[in-house]
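Enquirer: Questions regarding the structure given below will be posed in turn.
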Amino acid sequence: MYFTVNEFILFGLTQDPRKQKAIFGVFLMLYLATLLGNFLIVVTIKRSRTLGSPMYFFLFYLSFADACLSTTISPRLIVDAISQRKTISYKECMAQVFTGHFFGCTEIFVLIVMAFDRYVAICKPLRYTTIMNRHVCSVLVILGWVGSCIHSSAQIFLALRLPFCGPNVIDHYFCDLQPLLKLACMDTYVINLLVVSNSGAICTVSFIILLISYVIILYSLRNYSAEGRRKALSTCTSHFIVVVLFFGPCIFIYTRPATTFPVDKVVAVFYTTGAPLLNPLIYTLRNAEVKNAMKKLWCNKV
């Protein structure tokens, strides 16, 4: 017999009081640094006249998605680290499932579009401005938002179908389908297959598409001058680092049967906290145009 669970208890990263204090301090600084870094990129691209190319148009939305993804996950982890009662209501849990997958999937689609932009810029330079005009860029971003909404709606549809009849301790630091499946009072084999075919397929197929695009780009660079190859490789390397940091953990989590491991929570930190933090650092430290635009904009403000 089932009864309604009104709230869940988030186990968190650890139950050790001393480690929880360290987690509070570390993740608070990481979260603030993530917000600051992505805020600087968003404002710089929005206000700078020199960053009007499609690559920076997409970088604007990548930074926005990073900030939103981090805000979906990190505040709850930070507050729970110093709270005695680590509860989250059923509705809040479902909302976190939806928003986490929405902004995570948005980041995936934006990374794919950014790879396509680099492909056109390097492989079809004479037609670049024609193909990647502002209308096309806007349509690609809108399609990314729509695709993310469809994906997250499918996830929340599966989550809402899960019945809970007693155990309500989620062995994780945020709500996601994998730990929720362990608490469900039903055979979750079919739902897990649907999760793998949805989240797992999106992560794996997207990663393969990105790898193929970068192989094609690298092959095309053989006709470039040494300076042209250096500049193109610098841009593509920063993109590829972001891709590996985000997709590696995602594929590990979402493409396997309904089993959880203790390392899952640590792996999840990479794509919920690490990637949103490192993205602005990678795109600014390895990009002279962004650094110069930031110096010009913010030094004038000061």
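Cβ from N, Cα, C; glycine included.
What TrEMBL says about a protein is an automatic prediction, not a curated fact.
Positions annotated as transmembrane segment by TrEMBL: 22-43, 55-78, 98-116, 136-158, 199-221, 233-254, 266-285. The feature domain 'G-protein coupled receptors family 1 profile' is assigned by TrEMBL to 37-283.
Burial and contacts for the listed features, if you can.
Expert: Beyond its flanks by at least six residues, the transmembrane segment (233-254) meets 55, 104, 107-108, 111, 114-115, 118, 122, 178, 195-196, 199-200, 203-204, 206-207, 210, 214, 217-218, 221, 264, 267-268, 270-271, 274-275, 278-279, 282-283, 286-287 of its own chain at Cβ-Cβ distances under 8 Å.
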Enquirer: Could you pull out which residues elsewhere in the chain have a CB under 8 Å from any CB of the transmembrane segment (199-221), counting only those six or more residues past its ends?
Expert: 101, 105, 108-109, 111-112, 115-116, 118-119, 122-123, 151, 155, 177, 228-229, 232-233, 236, 239-240, 243, 247, 250-251, 254-256
